[in-house]
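Okay, so here's the structure we're looking at.
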Amino acid sequence: MAELARAHILVSGEVQGVSFRAAAVDEARRLGVRGWVRNVADGRVEAEAEGERAKVEALVRWCGRGPPAARVADVQVSWGAYGGDLGPFSVRH
């Protein structure tokens with residue numbers, strides 16, 4: 001059985017106004033990862049993701065690149081225990 005994990009992700013750089021959230025939703029759903037993504041008032045993008053650890057790690061790697069218009073400066077990840085309480089990946093406001 002695959003290892004399950006949860007990650008809290010903070011992405012900084014030019015990551016707002018470049019369709020980062022919509023692209024993150026597409027990538028997470030493609031990977032089968034559950035959770036959410038939202039803009040933060042300080043200019044970062046925040047996400048909470050859970051699922052098979054390898055798939056969550058793939059989403060974290062994607063966040064390091066982002067969509068074509070993004071210029072990612074840094075990605076901070078805090079790993080936690082899988083909770084099983086997140087819904088289909090979506091944008092939070």
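Keep in mind that glycine also has a Cβ here, set from the backbone N, Cα and C atoms.
Summarising the annotation, Swiss-Prot assigns active site to R21 (among others) and lists sequence analysis as the type of evidence. In this structure, R21 (active site) is part of a helix by DSSP. Its own atom aside, the Cβ of R21 (active site) has 22 Cβ atoms within 10 angstroms in the protein chains shown.
The active site annotation in Swiss-Prot covers N39 (among others) and rests on sequence analysis. Counting only residues at least six positions away in the same chain, the Cβ atoms of Q16, R21, V45, E46 sit under 8 Å from the Cβ of N39 (active site). According to DSSP, N39 (active site) is assigned to a strand segment.
The domain 'Acylphosphatase-like' annotation in Swiss-Prot covers 6-93. Averaged across the domain 'Acylphosphatase-like' (6-93), the predicted model reaches a pLDDT of 98.
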Just give the helix, strand and coil counts over the domain 'Acylphosphatase-like' (6-93), going by DSSP.
25 helix, 36 strand, 27 coil
